[in-house]
Each structure stands twice: as structure tokens, then as C-alpha cells.
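In what follows, a structure is listed as C-alpha cells, so that the remarks can point back to it.
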């Protein structure tokens with residue numbers, strides 16, 4: 001527990017931190033990577049360059065300071081971050097390194113005096129212990145399951161298939177020939193790439209894009225313009241190549257009984273976690289509505305596969321939006337609507353009792369979806385979303 005003195009000091013200095021903005025976390029990361037360059041093998045340096053990770057950490061620090069007297073309010077954020085940390089295999093020692101550089105950053109930017117530094121050090125220590133304990137629980141849970149493991153495990157690429165103009169699926173099988181641990185539909189897999197093409201080890205998380213299989217994992221990756229790892233996977237990773245994987249993780253997953261109505265909404269490569277959910281609903285009794293938005297048929301991944309899943313079940317329905325259909329794309333056959341997703345078209349599905357809505361896609365798309373869900377009266381506790389990359393509130 002934090003002392004009252006520490007709480008008051010953190011509250012008093014929080015406005016100064018907030019006023020500084022992401023400059024604080026920029027200084028922190030620059031300092032940490034200078035003194036501990038080995039951490040460049042852990043952090044996504046692309047997110048450092050575009051500022052996303054710096055903004056995410058700054059927002060987390062501000063949220064912690066704002067809720068210093070109400071830590072339970074942070075449990076949702078802690079769960080999300082803890083899962084991501086286990087995919088990076090974060091250790092207790094690394095928390096100590098981060099704490100050292102965070103306190104040094106506050107000292108160098110503000111020179112607030114030892115009392116303030118001690119208060120922030122105490123506050124950081126309490127939060128770090130919360131993460132360390134939760135992450136240890138996740139590590140142990142993963143390792144204790146059948147087919148589970150802790151740390152990294154070697155897999156072989158046994159399948160590679162282009163799903164659209166920009167999305168390719170990769171199927172991995174463990175080289176030891178044993179089973180793989182089960183996961184919850186919507187979770188992701190951590191992939192570790194070491195190549196002489198990269199200055200540092202690169203770690204990425206990709207949503208598992210199929211229902212649970214006994215011996216394999218499938219991810220489906222969009223080729224991002226300028227994306228180091230996505231382009232490497234598309235162009236360089238071939239059948240028979242070996243990679244190291246961390247166990248499945250993530251707090252975005254579907255957990256419903258067979259009588260709960262489900263709506264799955266996605267845009268672009270955001271369909272990967274929702275496809276895993278859809279494949280897992282083949283024995284579902286309640287209505288299932290699939291909504292997907294993409295540019296046109298050239299970008300429409302898993303089109304035939306989803307059609308087969310939906311047409312095989314009377315309780316499933318699919319609606320497709322194309323933003324820029326080609327001359328060959330036929331409305332009513334390839335897609336149903338043009339432009340941006342309008343959830344009023346599925347208002348009846350969203351008005352069902354206890355309907356659970358899962359959505360994923362670009363941040364702007366998810367903000368558009370969340371706004372419509374609120375307008376249609378869907379309770380916030382009944383919709384769930386996933387951001388690819390550092391988390392953003394929609």
C-alpha cells in the first residue's frame with residue numbers, strides 16, 4: 001500500500017507531468033536505450049519512431065497518477081498490458097531498469113527534490129509489483145496447460161497462403177512434434193524474428209486467425225507499407241523455415257455461452273481475431289452476425305471461407321461493405337453496401353438481449369463503430385475491441 005504522503009506528492013506533481021506531455025516519455029526512452037541498448041531487442045523500435053509507444057506510456061503514467069487513490073480502476077489496463085508483456089517475455093529485472101530510468105527522467109527534467117523522487121519511486125514500485133505478480137500468473141497458467149510452455153518455443157512454417165492482395169496466412173507447427181496449447185478466440189501469438197536484415201531482434205504480436213487446432217497455429221499478416229516484419233514474413237519466410245514463438249496471450253477474446261447473440265465487426269486485417277471467433281461458433285445456437293468492411297474484392301481476405309461458414313448455419317448472417325468497389329464487384333453478390341459501415345443496417349441484431357459485440361480494425365474505424373454502438377444504446381460493457389499496436393481508447 002502507498003503511504004498517504006506518497007499519494008499526496010504524486011497527486012500534487014501529476015499536473016506538471018501531464019503538462020510536459022510525451023516529451024517526458026521521449027526523454028525516458030532515449031535515456032533507457034542509451035544506457036541499456038539490449039532492450040532494443042525487446043521494444044518495437046518502429047513504434048518508437050512513430051511516437052505511438054511514447055504516447056501510450058505517457059497516457060499510462062497520467063492514468064496511474066489520476067487514479068492513485070483508486071487503483072482498482074486500472075485493473076482493465078493492467079490486464080491488457082500484462083498480457084502484452086508476457087508476449088515480450090518481460091522479466092522482473094527489466095522492471096527495475098525501467099524504474100531507474102523513469103525516476104532519473106523526472107529528476108533530469110524537473111529537478112523536484114529527493115522527497116518527490118522517493119514518492120514516485122514508491123508509486124512505481126507498487127505498480128511494478130502488480131504487473132510482476134499478474135504476469136507470473138499468466139506465465140504459469142500458459143506453462144501448466146497441455147501443450148503449453150514458458151519462454152520461447154521453436155516452430156516450423158508448414159503452410160503459407162495468400163488470402164488477398166495484401167494479406168498472407170502462415171501456419172506453424174512445433175518442431176518437437178508435440179501438441180500446442182489451446183487459446184481463446186481473439187488472442188494473439190508473439191513471433192520473434194532474428195535476421196541479418198535487421199539491426200535488432202524484432203518481436204511482433206499477430207492475432208490467431210483460426211479456431212483452436214491441436215498441433216498448429218495460424219496467423220494472417222497484412223503487408224504494411226514500410227513494415228519491416230510484415231514484409232519480411234511475406235517475402236523471406238518460406239515453408240520449412242524455423243521461428244521462435246511465445247505462448248498465446250491477450251485480454252481480447254470471446255467467452256460466451258451458446259445462447260448469447262454475437263456480432264463480429266471488422267475492417268481490413270482486423271478480421272483476423274474475429275475470424276477466429278467466427279470459426280469457433282459453429283455449434284452456437286444464438287444468432288451470429290458478421291460485418292466486414294474493406295476496399296473491394298482485391299482486398300477481401302477469406303471471402304469464400306466466411307461465405308461457407310455463414311451459409312452452413314441458419315443462425316449466421318454476413319454483411320459486407322466495400323469502400324471502393326471495382327467495376328467487376330457485384331452488389332448483392334460480392335458485397336452489400338458501399339462507403340463506411342452503417343450499424344443501423346443491423347440495428348435488430350444489436351438490440352438483442354445481452355448481445356456481445358467484438359470489433360477490430362484501424363483506430364478511426366473503431367471510433368466510428370464505438371460511436372454508433374453508443375448511439376444505438378448498446379451498453380459499453382457489452383462491446384469489446386482490440387487495437388493492433390499500442391492501445392488507444394476508442
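Cβ coordinates come from backbone N, Cα and C, glycine included.
Features of the protein shown, as given by Swiss-Prot:
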ACT_SITE  95  active site, charge relay system
ACT_SITE  135  active site, charge relay system
BINDING   85  heme b binding site
BINDING   188, 204, 205, 206, 207, 387, 388, 389, 390  FAD binding site
BINDING   268, 269, 270, 271, 272, 273  NADP(+) binding site
DOMAIN    1-136  domain 'Globin'
DOMAIN    150-255  domain 'FAD-binding FR-type'
REGION    147-394  region 'Reductase'
SITE      29  site 'Involved in heme-bound ligand stabilization and O-O bond activation'
SITE      84  site 'Influences the redox potential of the prosthetic heme and FAD groups'
SITE      386  site 'Influences the redox potential of the prosthetic heme and FAD groups'
Winner by Cβ contact number (other Cβ atoms within 10 Å) across the recorded positions 95, 188: 188
Fewest other C-beta atoms within 10 angstroms, as judged across 268, 270, 273, which are the binding-site residues: 268
Spatially speaking, which of the recorded positions 29, 205, 207 is closest to residue 273 (NADP(+) binding site)? Use C-alpha to C-alpha, please. 207
In the same chain, which residues outside the set 268, 269, 270, 271, 272, 273 have their CB within 8 A of the centroid of the CB atoms that define the NADP(+) site? 207, 209, 220, 222, 266, 267, 274, 275, 360, 361, 388
Do any residues at least six apart in sequence from residue 85 (heme b binding site), in the same chain, have a Cβ closer than 8 Å to its Cβ, and if so which, in order? 131, 135
What is the number of other Cβ atoms found within 10 Å of the Cβ of residue 205 (FAD binding site)? 21
Could you check which of these recorded positions, 84, 95, 188, 207, 386, 388, sit within 10 Å of residue 270 (NADP(+) binding site), going Cα to Cα? 207, 386, 388
Summarise the domain 'Globin' (1-136) by DSSP state, stating how many residues are helix, strand and coil. 114 helix, 0 strand, 22 coil
DSSP, reduced to three states, assigns residue 272 (NADP(+) binding site) to helix
For residue 207 (FAD binding site): intrachain residues, at least 6 apart, with Cβ closer than 8 Å: 186, 187, 188, 189, 219, 220, 250, 272, 273, 276, 360, 386, 388
Using DSSP, break the domain 'FAD-binding FR-type' (150-255) down into helix, strand and coil residues and give each count. 8 helix, 45 strand, 53 coil
If you measure from the Cα of residue 269 (NADP(+) binding site), which of the recorded positions 29, 84, 205 is the nearest? 205
